[in-house]
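Enquirer: Just dropping this structure here.
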Amino acid sequence: MNPFPRAEISSSALQTNLAALRQQAPASRVMAVVKANGYGHGLLNVANCLVSADGFGLARLDEALELRAGGVTARLLLLEGFFRATDLPLLVGHDIDTVVHHSSQLEMLEQTVLSKPVTVWLKVDSGMHRLGFTPEQFSTVYARLMACPNVAKPIHLMTHFACADEPDNSYTSVQMAAFNSLTAGLPGFRTLANSAGALYWPQSQGDWIRPGIALYGVSPVTGDCGANHGLVPAMELVSQLIAVRDHKANQPVGYGCFWTAKQDTRLGVVAIGYGDGYPRNAPEGTPVWVNGRRVPIVGRVSMDMLTVDLGQDAQDKVGDSALLWGKALPVEEVAEHIGTIAYELVTKLTPRVAVCLA
């Protein structure tokens, strides 16, 4: 078998996770967020596995066009909207919805001639202060969109949470109250909930939920695990041992000689490194799963390899599988060791890592 790393994507896990989220939000439609190459799982892979989703959320127009070219006919929404007037005919021609969050987008809609109107989701800044119109701007912007012949009616309404992944933080309730007060009585769909909203704030679920990371079997909350919500990891990042060697006490290993063995042991070298997207800053003790057990990374992660301490009595051999994260070793656990979030790990794999449906 090829010793180089691969990301094995489970179609059944993706489908299980979609079903679990529907169970969490039975009255809501699901806008499956597949931006950033399906969170590193492969854009078309994910969309084809989640064909029963009600729509797909994307960050960029080229992602939406790739889905249309791949035969996806479901509703598509550009979560950051469009950035050039020349994008608008493409939205019309490919039946792609757009978020409007900035006055420049509103002006382009008003000034462009289109063959038919575009479906718009008006983004309200309810407190994240990143994208969206403030409550003070909202009524004027809404009126201009209503008057614009290039905008399909009704206008849909959305916001995004800043702290929904902190279940004890009341700021999410503040944001919900602001959004609901501002949009009360208006027609159109409403969408507030991301993964954390769908899982932890049921009152936010609205007409559509927009799960991202949870679809891939990962909890959005630090210290939590997707399995606690009936979610199954969709990605298994797998490589192999390409060397097994005896190592003497008091001898270092790796660049910089930062780790020294306290006793005689056996080391394994795994064919994955920062050139594949595995973080160079993974500290000593970060776990890797080899032959049914966790073994710690020792020494510095290099471009193509990392080293693990297999233990004095290890029977592991060259060619044995090494799981960097997956069902047996949750990516949330690995991220916590490294001091990052699971989102970053799954989306930063480089093109050297083969992504394949398993």
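Cβ atoms are placed via backbone N, Cα and C, with glycine included.
Just lifted these from Swiss-Prot, have a look:
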ACT_SITE  Lys35  active site, proton acceptor
ACT_SITE  Tyr255  active site, proton acceptor
BINDING   Arg130, Met303  substrate binding site
MOD_RES   Lys35  N6-(pyridoxal phosphate)lysine
Enquirer: Using Cα coordinates, what distance in whole Å links Lys35 (active site, proton acceptor) and Arg130 (substrate binding site)?
Expert: 18
Enquirer: Calculate the distance in Å between the alpha carbons (Cα) of Arg130 (substrate binding site) and Tyr255 (active site, proton acceptor), and round it to a whole number.
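Expert: Rounded to the nearest whole number, the Cα-Cα distance is 40 Å.
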Enquirer: With an 8 Å cut-off on Cβ-Cβ distance and a minimum sequence separation of at least 6, pull the same-chain contacts of Tyr255 (active site, proton acceptor), or say none.
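Expert: Same-chain residues close to Tyr255 (active site, proton acceptor) (Cβ under 8 Å, separated by 6 or more) are Gly299, Arg300, Ser302.
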Enquirer: Neighbour count first, Cβ atoms within 10 Å, every protein chain included; then name which of Lys35, Arg130 tops the list of recorded positions.
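Expert: Top count of Cβ atoms within 10 Å goes to Lys35.
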Enquirer: Relative to the Cβ of Met303 (substrate binding site), which residues of the same chain, six or more apart in sequence, are found under 8 Å away?
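Expert: The list for Met303 (substrate binding site) reads Gly273, Tyr274, Gly275, given in order along the sequence.
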Enquirer: Where does Met303 (substrate binding site) sit in DSSP terms: helix, strand, or coil?
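Expert: DSSP assigns Met303 (substrate binding site) to coil.
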Enquirer: Does DSSP give Tyr255 (active site, proton acceptor) helix, strand or coil?
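Expert: The three-state answer is helix.
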Enquirer: Please classify the secondary structure at Lys35 (active site, proton acceptor) using three-state DSSP.
Expert: helix
